[in-house]
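Visitor: Before we start, here is the structure in question, set down as structure tokens.
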Amino acid sequence: MQCTMLKAKLHQARVTHAELEYEGSCAIDGDLMDMAGILEYEQIQIYNIDNGERFETYAIRGEAGSKIISVNGAAAHKAQPGDRVIICAYANYTSAELINFKPSLIYMAEGNEVKGTSNAIPVQVA
């Protein structure tokens, strides 16, 4: 059996650029990609916290240390500079791989600084 699981998440990243005429994709600071384990050209989903848009594209490496999150091409209609987004990558895992599975969760602060990391989402309480 295979299960599709959350592999990596950049939580509450800020969009720094929206480039409609760029070829497409989402440029992510290379350091953030490495920290999260997101690969260049990997399929990602982006959830816009500010306007509710949800869309799919692929990641490209942005300049390391730049804090760039650039939503490009047609997706630029769905996010604007300053919007808070959640960027997720998913992967398929076998039952054996799930035994030790842990996602990579990166929590962002203002200016796309990393404020924390985790490998588990806390239990939601009523």
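Placement of Cβ uses the backbone N, Cα and C atoms for every residue, glycine included.
Keep in mind it's a predicted model, so treat the numbers as computed, not measured.
So Swiss-Prot says this about it:
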- Ser25: active site, schiff-base intermediate with substrate (ACT_SITE)
- Ser25: pyruvic acid (Ser) (MOD_RES)
- Thr57, Gly73, Ala74, Ala75: substrate binding site (BINDING)
- Tyr58: active site, proton donor (ACT_SITE)
Visitor: Would you count the other C-beta atoms found within 10 angstroms of the C-beta of Ala75 (substrate binding site) for me?
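Guide: Counting Cβ neighbours of Ala75 (substrate binding site) within 10 Å gives 22.
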Visitor: Would you list, in sequence order, the residues of this chain other than Thr57, Gly73, Ala74, Ala75 that have their CB within 8 A of the centroid of the site's CB atoms, where the site is the one recorded for substrate?
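Guide: What remains near the Cβ centre is Gly24, Ser25, Cys26, Phe55, Val71, Asn72, Ala76, His77, Lys78.
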Visitor: Through the lens of DSSP with three states only, how would you label Ala75 (substrate binding site)?
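Guide: The residue in question, Ala75 (substrate binding site), is helix (DSSP, three-state).
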Visitor: Rounded to a whole number, how many Å is the Cα of Thr57 (substrate binding site) away from the Cα of the residue listed as 'active site, schiff-base intermediate with substrate'?
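Guide: Each residue's Cα considered, Thr57 (substrate binding site) and the residue listed as 'active site, schiff-base intermediate with substrate' end up 5 Å apart.
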Visitor: For the C-alpha pair, I'd like the distance in angstrom between Ala75 (substrate binding site) and the residue listed as 'active site, proton donor', rounded off.
Guide: 11
Visitor: Under a criterion of Cβ-Cβ distance under 8 Å and sequence separation of at least 6, what residues of the same chain contact Gly73 (substrate binding site)?
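Guide: Within the chain, Gly73 (substrate binding site) has Cβ neighbours under 8 Å at Glu19, Leu20, Tyr22, Glu23, Gly24, Ser25, Thr57.
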Visitor: Express in Å, rounded to the nearest integer, the largest CA to CA distance found among the substrate-binding residues Thr57, Gly73, Ala74, Ala75 named in the record.
Guide: 10
Visitor: What number of additional C-beta atoms lies within 10 angstroms of the C-beta atom of Ser25 (active site, schiff-base intermediate with substrate)?
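Guide: Around the Cβ of Ser25 (active site, schiff-base intermediate with substrate), 19 other Cβ atoms lie within 10 Å.
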Visitor: Do you know offhand how many angstrom separate the residue listed as 'active site, proton donor' and Ala74 (substrate binding site) by C-alpha?
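Guide: That separation, Cα to Cα, works out to 12 Å.
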